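J.: Let me begin by handing over the structure; questions about it come next.
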């Protein structure tokens, strides 16, 4: 899930935001956070358990209000299905029994449920799509039958696996028809979730969120106000502003545009946030996405200059985990006026744009000052620990864990096909 918003940038005039048509307001109004009740959201990817050696048990769960478990895939019929059943439901972790009677679930989803049992303020959502699977949205979203299949099967996975909702990551609707289809897809999902909530013993509301674009060439195509009626909050992907697809090196997650080197900031978080609010999305429903990684530029003379290649990376070329930063021999530059930072090795002529602890603190200030809904991170395996943790820095900047949203999760799933989950994962 690397959100290449810059890859689609053209020299054409950006499409203006679509007009908002009226829709019935018969759906529950999403819960606004209490004063100071910030959301702390992180993506956990199911492939992290392999080379990265990162498992759900490694999460510092008390720092988060929501974990988005990524990713489920979509069939042309609209059926939502798990993308890696061994990681998702089959892998046995220490303490999992091989001779447990009945039909039982294991893997990462069991571990997510156990995290919820130990931290009743932690919610988990099944995230569907992502960059790789996003082309699979178009066909099922275009028909009522496909949308119903999507809503019904994502709801079933939520009930079977013990999630508190679903997160949709469609990158990105390409035209007005697909934008309309997205609204209708969210409507179908909201109706399915609310129908289940109405008959659920506890009657709790189940959540619906999306990963939303920060590039105007993408969000100007969306019907933001109409979508907002069905969403609990928006995870704004305010990163990947610059990368290998550009002609000059740039900041990949700056809050404000640079006035001294505008070519280094083709996008900014602040513009996206203001445009969303102008379109009708409440600030307290916008969760600011932040990267736990950096993007690299090789053979460059500095920020905003030409480059040639991206060099190596932690797991893919040109992308470095935050915990691998800064590299030996590189000098770190922090630009507080635009809330951006980077490292540069003048001998190797190698630049990496990433967030430092100081810049994470500036982003926490921005979230607070603008009354936003909290912070989100991609992805959980890449952070440092202790005082160097970007997540911890932002959470502390928002006032600490006591200022996070207080909303109890759901542990009762009487319709689950898995006996151990249906019984609350007895020890």
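Glycine is treated like the rest: Cβ placed from N, Cα and C.
Sequence annotations record features per position, and here Swiss-Prot assigns active site, proton donor to 171. Residues annotated as chitin binding site in Swiss-Prot: 102, 103, 129, 130, 131, 132, 172, 237, 238, 239, 240, 378. Per Swiss-Prot, domain 'GH18' is recorded for 38-401, and the stated evidence type is sequence analysis. The N-linked glycosylation site annotation in Swiss-Prot covers 387. The signal peptide feature in Swiss-Prot is assigned to 1-17; the stated evidence is similarity to another entry. According to Swiss-Prot, the site 'Transition state stabilizer' annotation covers 169, on the basis of similarity to another entry.
Provide an account of the burial state, proximal residues and distances for the features listed.
T.: DSSP gives residue 171 (active site, proton donor) a coil state; it is part of no helix or strand. Other Cβ atoms within 10 Å of the Cβ of residue 171 (active site, proton donor), summed over all protein chains shown, number 23.
Sequence-distant contacts (6 or more apart, same chain, Cβ under 8 Å) of residue 238 (chitin binding site) comprise 214, 253, 255, 269, 272, 288, 289, 290.
Mean pLDDT for the domain 'GH18' (38-401) in the predicted structure: 98.
Within 10 Å of the Cβ of residue 387 (N-linked glycosylation site) there are 9 other Cβ atoms, across all protein chains.
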J.: With the cut-off set at 10 Å between Cβ atoms, which of these binding-site residues ends up with the most neighbours? Options: 102, 129.
T.: 129
J.: Quick one: give me the count of other CB atoms within 10 A of the CB of residue 172 (chitin binding site).
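T.: Total other Cβ atoms inside 10 Å, all chains included: 23.
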J.: So which recorded positions out of 102, 129, 131, 240, 387 end up within 10 angstroms of residue 171 (active site, proton donor), measuring C-alpha to C-alpha?
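T.: Cα filter at 10 Å returns 129, 131.
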